[in-house]
Amino acid sequence: MESIMEKPMMDTGGGMIERTKSDQLAPPPPPSSAQSLSRTASAETVLSTADVTTTTSLSRKSSFGKRSASGGAGAGGNSHGYSSSNNNNSHIRKSRSAQLKLEMEDLVSSGAALSRASSASLGFSFTFTGFTPPPQDTMSSAELHPFSDDDNTMDIEAGTPRKKLMTEPTLPIYLKFAEVKYKVAVKGTPREILSGISGSAAPGEVLALMGPSGSGKTTLLSILGGRVAGPGDVEGCVSYNDEPYCKSLNRRIGFVTQDDVLFTHLTVKETLTYAALLRLPRTMTRQEKEERTIDIIYELGLERCQDTMIGGSFVRGVSGGERKRVCIGNEIIINPSLLFLDEPTSGLDSTTALRIIQLLHDIAEDGKTVITTIHQPSSRLFHKFDKLILLGRGSLLYFGKASEAMPYFQSIGCTPLIAMNPAEFLLDLANGNTTDVSVPSELDDKVHMENQNLQTNTKNDYKPSAQDVHEYLVDAYENRVAYKAKKQLLDPLPISDDMKTTITSSKREWGTSWWQQYSILFCRGIKERRHDYLSWMRITQVIATSVILGLLWWHSDPSTPKGLQDQAGLLFFIAVFWGFFPVFTAIFTFPQERAMLNKERAADMYKLSAYFLARTTSDLPLDLFLPVIFMVIVYFMAGLKATAAHFFLSMLTVFLSIIAAQGLGLAIGASLLDIKKATTLASVTVMTFMLAGGFFVKKVPPFISWLRYLSFNYHTYRLLLKVQYHPVPDILINAIPLDNGVTEVVALVAMIIGYRVLAYMSLRRTKTSAS
Ligand SMILES: Nc1ncnc2c1ncn2[C@@H]1O[C@H](COP(=O)(O)OP(=O)(O)OP(=O)(O)O)[C@@H](O)[C@H]1O
């Protein structure tokens, strides 16, 4: 499989770069004019300055030649195309650089005239409208090379030199999508969220999805990434190297969600290490995976905060930008062929945002396909995108090269009248806002006629409505561009059949064995939750409760009927206390981790059974730590039978009760996956079990007496009585005699297993976005 994946890159050498160009999805253009036109976009900035060596594309691409292979990252012989050979890598890079050099020379000689003319004309119209040309030349080196761009670049924040982000070759994946529609039923009425979106992205490109809030960017990104969740109907065609989506693709896709889904109490390094251990292929050793983590930390400029906790609402942790970089690190650590990002720059300052987009650029230029949604990019960010999709109310307003978006809108009569960030201009248009924008005569006439019909002719009324603008833009795209774009999508890809079949033929694979998954998740669980369990608040709570109980039952005497009743009350309280607490701790487990579970299962990080078992067992040592403190204090203060056998049997009974109660909490949480509903159901259940526990009501009506058998309080209480008294006095137990306690132990063990099976089945039923 490795050879198949690497073949296109190895065999063709520089040919790989040719494929990464955006025009690969188009049919071979006719010579001269078409050729130079297709190249104009990427080179126009450069050619207009007549200085090829300062071009963004050339400087970006030529950096290949400078890189060295990463020691830790290159594990050979794995299914993800991690190169085993540094020589091979450098050979590929050299070939790519050589190819680019040739390409640029070719570009300069054959297409320069037309490109210059085209650039000049664009330059004229931009200047006229106040639009400033791409400002790369004026940026400081730090801005140009956000995290790193060559080995000598300094990290602005850390003030330390940084390595260039370097990834190994992977299977290049061409993404095409045609007529993608998405409908949901809102209160019984179908609502179209996306109406026929078509486009493509090739390896080496960054495709930006832009549009106003609610225009459908996230929905489209989720569909393209195979992560659409929810009740909606998806129509249309999405293909990866001309093949439909299949589960084995999950391991080639990185998906950074809009909300940062991270564990609060893990450090940056721990977070990335666990991701590496779980996601990187089995062929890599643990040491190689850890080395890769270090590389990623270094490459993302996270070394200063690598030992800082991620943090959350209640815990101070890393900054927003660092958090976002950790999320990106979590995905790029697997060296994905396709990287999807949902608003990676939202909430970040412009410098950090630029650094993140530059990082995406670096990733793309290593042959990955990058698709990102973006809300309101600055003009500097905007010029970093290769391709652009502009959405408005779920419809496609533009798909094409980002650099050709402004000329396109000018060609349909929409031109900014003042100096404007192109992204701001496009978003205004997508919102139907034509303030400071020249309106096409077609739209002007329509408004004029509408106003005449309505006989309102105040000046303001001449502004077209948002609906009119939207319809005009949709029609304009449909009539002028869509047909051509869709036709190009039908063209077969210039890739070998091997590359196509690699996607469908490769089996769904797990990064590690089941047992390794279990042990990694177990350790991660302990690390994440040790803070909760060992918090002084909880320890104080348990110690305070046990001391109060010990004082109230101080050296209780069971030789008198009253003393016996009192001691039985204490035993019942212990049964209830250690039945109540674990239920309410456990119901939060799965609802709280739902987002993380969805995300990680969608990425095929582990089997659900490994996660479930690790999640439920990693809580145990910590869950059993507090009851030990409790029992030691209460048992001896209250004067219960002071022999080792009695104490340890009582302790064991409490443990059984805790594990059974935990199972109930897990089952309720997993079946409802909603904290409010789960808390309500749990409180009713726990109260019922407590009342049926055999202490409060002695004469339970026969038609409801069966309820006690479901109550773990009932079984725990009877076992605690059995341990303390031989034989158990009749006044303490109901009509049902207590023999040797085996029935109670069996009932508790059945609950321990039964509730957990129920919880597991409920989780299995829950659909993840990628399943
Ligand atoms: N399952 C659903 N049920 C009902 N409405 C939905 C559903 N999914 C998406 N929508 C609606 O579809 C529209 C597009 O949502 P989407 O999240 O894709 O927008 P967006 O462009 O990403 O917005 P933002 O930039 O604010 O994140 C919104 O109006 C949203 O309310």
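Note that the numbers count up from 1, one per residue, in the order the chain is shown.
Cβ atoms are placed via backbone N, Cα and C, with glycine included.
All annotation found in TrEMBL is predicted automatically rather than curated by experts.
Per TrEMBL, these features apply:
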type     : residues : note
REGION   : 1-97     : region 'Disordered'
COMPBIAS : 45-70    : compositional bias 'Low complexity'
COMPBIAS : 80-90    : compositional bias 'Low complexity'
DOMAIN   : 175-418  : domain 'ABC transporter'
TRANSMEM : 536-556  : transmembrane segment
TRANSMEM : 568-590  : transmembrane segment
TRANSMEM : 620-638  : transmembrane segment
TRANSMEM : 644-666  : transmembrane segment
TRANSMEM : 678-697  : transmembrane segment
TRANSMEM : 745-763  : transmembrane segment
*Using a Cβ cut-off of under 8 Å, list the residues of the same chain at least 6 residues beyond the transmembrane segment (678-697) that approach it.*
568-569, 572, 575-576, 579-580, 583-584, 587-588, 591, 664-665, 668-669, 672, 707-708, 710-714, 717-718, 733-734
_Segment-level pLDDT (mean, integer) for the domain 'ABC transporter' (175-418)_ = 89
*For the transmembrane segment (568-590), sequence-distant contacts whose Cβ falls under 8 Å of one of its Cβ atoms, 6 or more beyond its ends*: 545, 549, 553, 556, 597, 615-616, 619, 623, 627, 630-631, 634, 638, 640, 654, 657-666, 668-670, 673, 675, 678-679, 682, 685-686, 689-690, 693, 695, 712-713, 716-717, 720-721, 724, 732, 759, 763
*Taking a Cβ cut-off under 8 Å, which residues six or more beyond the ends of the transmembrane segment (745-763) line up next to it in the same chain?*
590, 597, 608-609, 612, 616, 656-657, 659-660, 663-664, 666-667, 669-671, 709, 712, 715-716, 719
